[in-house]
Ligand SMILES: Cc1cc2nc3c(=O)[nH]c(=O)nc-3n(C[C@H](O)[C@H](O)[C@H](O)COP(=O)(O)OP(=O)(O)OC[C@H]3O[C@@H](n4cnc5c(N)ncnc54)[C@H](O)[C@@H]3O)c2cc1C
């Protein structure tokens, strides 16, 4: 079985983003970029399926400017076999990404697609579900466990009330949650090896997809800042403040 | 054209998050209709018809919708959506699961997790873990939207008198099925609905120590939450995680115990009215958002707090 994994280049999760002074967007100039943490979990899961003999090939796809090849190489260093970059100027909207990926699926015919549940920049949590709809595949979102059983995959999902398990016919789409696995670090020899793994570059036109804007970003503003509070010296003082000043208990 | 809200429920009760989504929908202009899709969900339909501001209630009662499987539900909602200007669902794990499928089937964008309605086609939503607020205009004929519950007051659960229409359409995609679930059972309020929340982090040390927080929760009628580190370490289950990628909460009082205050945690709780932090590290970032900070060892401070309440 072939497994397709998608990865997105995003701001490093340790970096606190700043809004540009003209309020047109956030400022990503000279900001450290990285593999979206949920995508990293997706890569790890695919590589484990290969190591277990369930998958025979792991193909990794990223969509964006040339710089996203860096994240594809990271995924190759973690154990993916080959990469596909779909070259676009800036980040297309989720629906556009889903349409591009649907074409890749048509060409590659994977048995399983593993994606991150959300990108930590746009925080949309939607591309996997959209791709599932466009390809008419079942979906197991927010996965904390993935078990393949013949032509079926059982996915345990982190839901608001606890955990839910669903059985999906394959091919299927899985989106990862934090507890699915703990991604490995790439070793130096694997980073070197990754440089020689195949990486194809395609354009949306090659795939016959025309990207269209469905939304317009009018402005980006900083959130309301909280007033800095006070330090209390004791539990007594804390309780007194909560009772008499904040009046919340 | 009217606005369609998809009800969140468990076939027996209408979930509170629906009421916040209804309030957001009423701000978009137009009649508001509520769709209840489930199995043996008559009680939910009855509750939905009574919600203030709902003009019409649609009910699709069929085994195919029992577990809100996205494959089935999205086909039903897409079919119904044709007659609407907006399709709205709460940004819960159910809404986040099926609604993007609806958007894709309608060939439109989804605007996720809105926190304000500026006009019928312009909305605000947090991005980058809430470190920036985007104002987004939809260019689509049908606007597909999930609503962050903490950003909108709940509509009144009583006082409405919607007409009821039954939908007979059955969409069973036949590609997915429900196997089982392990739901947390608790007599405490739900995290997203609680007035008071006490959350523990890695500093709690282990799961047993959460009993200290539970005792306080019992006294304050509070819910108990956690940081990602506490969930990852296996101290408590995943449904307790507060943060960017867990639950978003905004209670009257949020008490963070042994939590450092990473941006991903702050994203889920910094809109709380009053924030208390108990942490032994006076440099911990949580203090920068806390109204009242106590630099102390939690194993001394928490039992003392319990005694004083
Ligand atoms: C993609 C992604 C998504 C994430 N999503 C979330 C999310 O939704 N929610 C979330 O919470 N995190 C999330 N995180 C994780 C986040 O970055 C932090 O790692 C996490 O919040 C840290 O949890 P913590 O504060 O409990 O642990 P730590 O950062 O280890 O802090 C423990 C704190 O406890 C204090 N402490 C220890 N012992 C005591 C004691 N005896 N008395 C008093 N204080 C004590 C320490 O001083 C310290 O400040 C996410 C991370 C990533 C990469």
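Each residue, glycine too, has its Cβ placed from N, Cα and C.
For B:3-182, the entry in TrEMBL reads domain 'Electron transfer flavoprotein alpha/beta-subunit N-terminal'.
All protein chains shown were included, and the count of other CB atoms within 10 Å of the CB of residue B:241 (FAD binding site) stands at 28. According to DSSP, residue B:241 (FAD binding site) sits within a strand segment. The FAD binding site annotation in TrEMBL covers B:202, B:227-228, B:241-245, B:258-265, B:279.
Considering only the binding-site residues B:202, B:265, the Cβ with the fewest other Cβ atoms within 10 Å is that of B:202. Chain A comes close to none of the binding-site residues B:202, B:259, B:265, judged by a C-beta to C-beta distance under 8 angstroms. Once Cβ contacts within 10 Å are tallied over all protein chains shown, the binding-site residues B:259, B:262 are led by B:259. Long-range Cβ neighbours of residue B:244 (FAD binding site) (same chain, at least 6 residues apart, Cβ-Cβ under 8 Å): B:129, B:130, B:263, B:264, B:265, B:267, B:268.
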